[in-house]
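J.: Pasting a structure here, questions to come.
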Amino acid sequence: QFWKIMTFAGPALGIWLFSPLMSLIDTAVIGNCSTLELAALGPATVLCDHVSYLFMFLSVATSNLVATSLARNDLEEAAQHLSRLLLISLSLGIGMLVLMELYATPLLQGFLKSQNSFLVSPAATYVKIRALSWPAMLVGMVAQSAILGMKDSWSPLKVLAIAGAINAVGDILLCSYLGCGIAGAAWATSFAQYVAVVLMLKSLVQKGYNIFLVCLPSRKDLKQLLKIVVPVLTTTVFEVVFYTLCTYLASTLGPLNLAAHQVMIGIQNLCYVWGEPLAQTAQTFMPALLDGSSRDLNQARVLLQILLIIGATVGLVAGFSAISIPWLVPQVFTKDVVIIEKMRRISLPVLCTLVVTPPMLALEGTLLAGRDLKFLGLAMVCCYSGGIMVTLVS
């Protein structure tokens, strides 16, 4: 069982690293070109990466429904779930594209106070270019989760390795050599996301799924979907509000503090996802043990114990890896000594956060697999509500 976990979770780690790694590449390249644009990247990524996290319910629902259907050997039901969720994700992606193109500037003006108004223009440029990739981002999220639900973590990893290489080369070429700055980073990321979604859909076709099948959701389907979506969406809303509030408060402390915050939140996000493969492993393998044709609660308990042991180990490695960056190689992101000093000052809370995250994600994935969503939603809402209050008070 340990070997099965490692052969699935190992490649899955690379998958979860893709999005924060692309953002971190943007941060590193832009930070070495312009401190002003590095500060602008903070609020810009709130409207790109943080808001996209609100749609994680698509990923959770896809993985959960597809894995459960396959555990019951119902291939037709799995294909129908996939078709509905691809249609929903495409519709939401187009809606977000239009919304961001129309309202990016006023949203940023409201987010940034008057003393930081000079950051609105570069931030809006980044957001509007990244907005073009919203359909690709959400459709890719569903396609990737479906493939993971089929217990295949290698295919998405290969796809995202190609897209990540394209993004890195594009960033260096457009920003460092052609002088496009923050706009160049946005174009590189958007193009990479379209490459990723095309290759991901191709992988689904090779597995025998018809990606052009239109299967409209019935009332029963929507009811089943909402049972998963509502608690997950509620949790992610509170989480996004919390991290958005952190970035907003950092923006009130001036561009240097905001730049330091942007680098450290990027590093934290990159190491945070080291625990996501454990959640994905639980969501992929637990349904068969809890509710499938080969139901075995003892094996489910053993699987959870293994995930927690791995999670504790990964947490320590992730935490110390993250805080080593501002102390050993901060020049990767900025050469400004003031920003570097501010990055180092928040090493301890970053370490504490990352140590406990992987075990927490293993437990979260198990609750999702067992569809104990009411408890999960209530627990996470309480946690983030407390975090929001502490942040406001401090």
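Here, residue 1 is simply the first one shown, and the rest follow in order.
Each residue, glycine too, has its Cβ placed from N, Cα and C.
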J.: May I ask you to indicate which of 12-32, 159-179 is given in TrEMBL as transmembrane segment?
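T.: My reading of TrEMBL: the transmembrane segment range is 159-179.
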J.: Mind checking which residues of the chain, 6+ beyond the ends of the transmembrane segment (350-369), have their Cβ under 8 Å from one of its Cβ atoms?
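T.: The answer is 60, 64, 67, 232, 264, 267-268, 271-272, 274-276, 278-283, 285-287, 290, 304, 307-308, 310-312, 314-316, 318-320, 322-323, 375-376.
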J.: At a threshold of under 8 Å on Cβ distances, which of 82-103, 302-329, 375-393 pairs most often with the transmembrane segment (225-250)?
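T.: Counting Cβ pairs under 8 Å, the winner is 375-393.
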